[in-house]
Amino acid sequence: MEIAEELAKHQKAISVAEFFEKNRQILGFDSAPRALITTVKEAVDNSLDACEESDILPDIFVQIVRRGEGFRVVVEDNGPGIVGPEVPRVFAKLLYGSRFHALKQSRGQQGIGISAGVLYSQLTTGRPTAVTTKIGPNHRAGRWELMINTATNEPEILKTEETEWDRPHGTRVELEMEGSYVRSRRQSIYGYLKSVAIVNPHARITLVEPDGNMEVFERATDKLPHSSYEIKPHPLGMELGGLIKMLRYTDKKKLKSFLSGSFSSVGAIITQEICERAELDPEMLPQDVTHAEATRLLAAFKEMRLKSPPTDCLSPIGEELIRAGLEKEYRVDYIATSTRSVSVYSGSPFQVEVGLAYGGELKADGKVDILRFANRVPLLYQQGGCAITHAIENISWKTYSLTQPGGGVPTGPAAILVHIASTNIPFTSESKDAVADVPEIVAEVELGLKEVGRKLRRYLSKKSALSERREKEEIIRKLLPRISKKLSELLEREEPDINPVVAKIMGNLLVKRSVVSENGESFVTLEVANYGDAAKAFKLHETVSVEAKAIEPDARVIALGDGYDHLWKLSLRPGERREIKYKVPSEGVSFSEPVVEGVPSELVSGARVVG
Amino acid sequence: MKDAEETRKRLLGLAEMLYDQFQKGIVPHLALPSRTKSNLEYDQDGEIWVYGDQESVRSVKTIRGAKSVLKTTYLVELLINEHLRQNRGSTLREIYYISENWDIAKFGEQAESDRLVEDLEILTALLREDFHVRPEEDGATVFGPLTISEKTRRGERTIHCQEDVGEAGYQIPFNVDNVEFKEHDAKFVIAIETGGMHARLIENGFDQEHDAILVHLKGQPARSTRRLIKRLNEELNLPVVIFTDGDPWSYRIYASVAYGAIKSAYLSDYLVTPAAQFVGVQPSDIVNYDLSTDKLTDQDLQALRSEMTDPRFATDYWKEQIQLQLKLMKKAEQQAFAGKGLDFVTRVYLPERLSEMGMI
């Protein structure tokens with residue numbers, strides 16, 4: 001925690017209260033509604049991170065209660081709890097946290113989060129924050145009332161006691177603060193938690209709103225996300241200041257063991273080469289490296305061809321869970337997902353996941369909903385300044401069946417979800433509202449979007465093919481029979497046989513029998529034509545009360561009890577037409593409807609279908 | 001006009017064609033010339049605009065096409081069994097209401113049934129009058145030194161279009177071919193867009209002073225009005241001039257009289273008066289006579305630009321006038337002449353313009 005200490009010392013020069021006032025905006029407390037959202041967000045982030053680290057399925061309870069002019073915010077989880085001595089510092093000291101330097105994908109990073117809420121609470125209401133925590137069923141729960149000493153940035157414990165708590169383990173934090181509660185838009189506690197629920201389908205989140213309304217975001221899976229782990233920094237991501245600090249504080253005695261032991265993708269051979277390029281003695285004491293030498297070392301880093309950093313340290317949501325998350329919070333017709341493989345920018349591994357929900361209850365007019373996430377944290381503000389939005393705007397959505405009037409964000413009944421996981425998300429500012437336009441990230445997001453776009457296009461064209469088939473069925477069932485009936489009435493003739501036309505319109509297999517009688521003999525022609533665009537192989541049965549003569553081509557004839565089945569095995573290419581001929585006596589012969597075996601019935605006109 | 005038997009034969013021929021298509025296993029369809037601007041062609045001999053070779057095919061392959069073919073068969077049945085066989089007739093609007101009983105063959109709106117009647121005219125090379133189908137709109141009115149006789153259901157009437165009529169003039173019947181021209185003292189025909197200007201010319205005695213037959217167009221002229229103008233021009237050898245407002249919509253009125261309408265170019269032969277000339281209001285009149293004007297609206301501009309690509313307006317005269325108007329960004333009504341005094345239009349403007357055109 002060396003740097004935290006340093007920074008904290010630096011902060012002492014001005015009071016933390018003053019620091020807070022000056023940095024309200026970057027800390028996310030710049031407006032009354034946002035102060036509430038930020039507090040809930042920081043507390044929920046902590047809860048989710050804590051549960052994940054301990055392999056616990058999160059069960060989080062959030063309650064907002066109106067208290068006079070202000071609100072009381074309660075966030076409770078079933079996490080591992082916090083050991084006693086740590087509690088005051090976790091909640092009542094700015095810049096204290098376990099993740100500040102860990103190079104690992106996690107929600108919070110700076111350790112500023114919840115303590116900023118505590119500070120805001122005491123600045124606006126003068127009241128302490130209450131924390132209850134329990135680390136296991138065999139321990140008693142502890143309860144603290146805490147404030148931050150704004151002169152020293154040290155916790156002040158107003159009260160501490162042991163207490164009973166029915167949870168086996170967990171943490172509950174209660175803060176009172178000024179604020180204002182909104183619900184209708186995405187930038188609200190409700191909207192935030194709904195987004196959290198989408199990308200954390202393993203969590204159950206309960207929200208009780210000031211009016212008593214309770215919303216439960218139920219979990220959609222019992223599968224915990226594959227947990228992320230800490231990696232060493234990659235040389236390509238290093239900056240000079242960081243390198244100098246690492247050199248000063250390492251416990252390694254030699255530069256070469258410092259290099260091979262402190263960085264990922266650096267082994268003995270690479271170490272040797274780095275030292276040669278930087279013209280440094282591999283045996284020297286790391287603390288002895290001067291500023292100028294460190295600069296040479298960093299330059300050598302950048303010249304090396306290094307392996308990418310390890311990528312399995314990331315924890316993507318996974319396509320299955322993105323689908324589950326979207327399905328759970330939106331009623332839609334279709335969901336497409338895509339997971340890109342891990343890429344690297346400036347030494348930091350990152351991975352992009354995209355989900356697209358279409359149709360259903362989503363509004364068809366207006367821009368599509370954009371759901372942005374970084375390390376499973378919803379990004380609510382500054383949508384227009386975010387690399388994710390820019391990538392969406394760069395795509396020509398017309399290709400993928402969405403309209404894009406005047407360019408920019410497309411229009412249509414769709415919601416686009418983009419999740420970026422990284423050990424180091426490049427935010428545009430400390431308030432972590434928007435991802436910076438890193439070319440590698442924008443490119444990956446675009447590729448993910450194009451993939452879901454292609455899936456959407458396939459889905460929609462399949463759907464329209466289906467509705468085309470339905471339309472054709474309406475034609476053949478309702479319209480053609482009426483036309484032929486009307487024509488026969490007008491002309492006072494027999495109704496025409498509409499089967500050949502039906503076969504043509506539907507792309508079906510047509511069987512049509514015509515009979516010409518002459519000199520006591522009936523000459524029968526069976527016309528068989530394939531109007532479909534696929535070859536069809538099938539058996540054709542013609543059952544007649546007598547055995548046919550002069551059959552062309554040959555048929556297998558099977559004597560039945562009351563007649564004869566004539567059987568041809570046929571195979572017709574698309575567009576192919578065949579004629580089968582035979583003759584029977586004119587008198588006393590009866591036919592049954594021709595039977596086709598081996599073609600789905602909806603693809604046959606003019607014959608009965610079996611098998 | 002064709003007799004009822006011939007009409008019946010041609011309508012049945014259409015049904016027979018569809019029937020045969022079924023029998024031969026051909027997907028039933030009707031082919032019609034496409035009635036669009038791009039399919040207009042100039043017929044040198046008749047000096048009229050007619051349809052070119054572009055066809056639109058209505059096939060039962062699509063729901064729309066199948067419904068349209070079904071409606072066609074219902075309509076043919078109505079025309080044969082109700083109209084021709086019983087010597088009755090219906091208006092276009094009545095046909096739309098009759099179709100209420102046709103279940104899925106029912107027309108969605110009157111425009112649809114109107115269009116289908118026109119389609120039948122094209123397919124059979126007959127006129128809707130042959131089918132005993134009448135329009136709602138009464139034809140326009142005629143006022144001037146002309147004697148006609150009209151065959152009515154109640155006998156033949158002979159009418160002098162100045163002496164035997166009130167100030168509203170003689171009402172043109174929907175079937176102009178029931179009218180016969182007896183005699184006249186006219187030198188030319190002037191067709192006027194608006195009622196206000198038509199009344200102004202009657203009040204000012206323009207017809208007497210210049211021996212003119214006044215025809216009130218009533219906006220976009222009905223078929224019967226156009227047919228009458230054509231017959232006045234061809235049978236009586238009278239020159240025809242058209243007097244409208246000075247805006248793009250009025251130029252289209254002139255075009256439909258003189259060149260034919262885009263939607264009914266198949267009737268050009270029957271309705272169009274190629275010799276008809278445009279008097280005004282011309283965009284150049286706006287400048288020359290310093291007329292009160294209105295600004296062109298966005299729709300006006302769009303209409304003018306569309307006319308720039310309309311083959312009927314592809315003459316030097318129209319190109320010049322339309323471009324001038326686009327430069328002025330202004331339009332003027334016929335009545336704008338009233339700003340110069342009530343007599344100005346009959347004393348100054350029309351005499352000047354008509355002598356320019358060699359009419360008087």
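A Cβ is built for glycine as well, from the same backbone N, Cα and C atoms used for every other residue.
As annotated by TrEMBL, ATP binding site applies to A:N46, A:D77, A:S98, A:R99, A:G108, A:Q109, A:Q110, A:G111, A:I112, A:G113, A:I114, A:S115, A:K432. In three-state terms derived from DSSP, A:K432 (ATP binding site) belongs to neither a helical nor a strand segment and is classed as coil. Long-range Cβ contacts of A:K432 (ATP binding site) within its own chain (separation 6+, distance under 8 Å): A:A374, A:V377, A:L379, A:I425.
Taken from TrEMBL, the feature domain 'Histidine kinase/HSP90-like ATPase' covers A:33-115.
Taken from TrEMBL, the feature domain 'DNA topoisomerase VI subunit B transducer' applies to A:309-472.
According to TrEMBL, the feature domain 'DNA topoisomerase VI subunit B C-terminal' maps to A:492-604.
Checking the binding-site residues A:N46, A:I114, A:K432 against chain B with a Cβ-Cβ cut-off of under 8 Å leaves no residue at all. In the predicted model, the domain 'Histidine kinase/HSP90-like ATPase' (A:33-115) shows an average pLDDT of 81.
Minimal Cβ crowding within 10 Å, among the binding-site residues A:N46, A:I114, is found at A:N46. The DSSP breakdown of the domain 'DNA topoisomerase VI subunit B C-terminal' (A:492-604), given as helix, strand and coil counts, is 11 helix, 62 strand, 40 coil.
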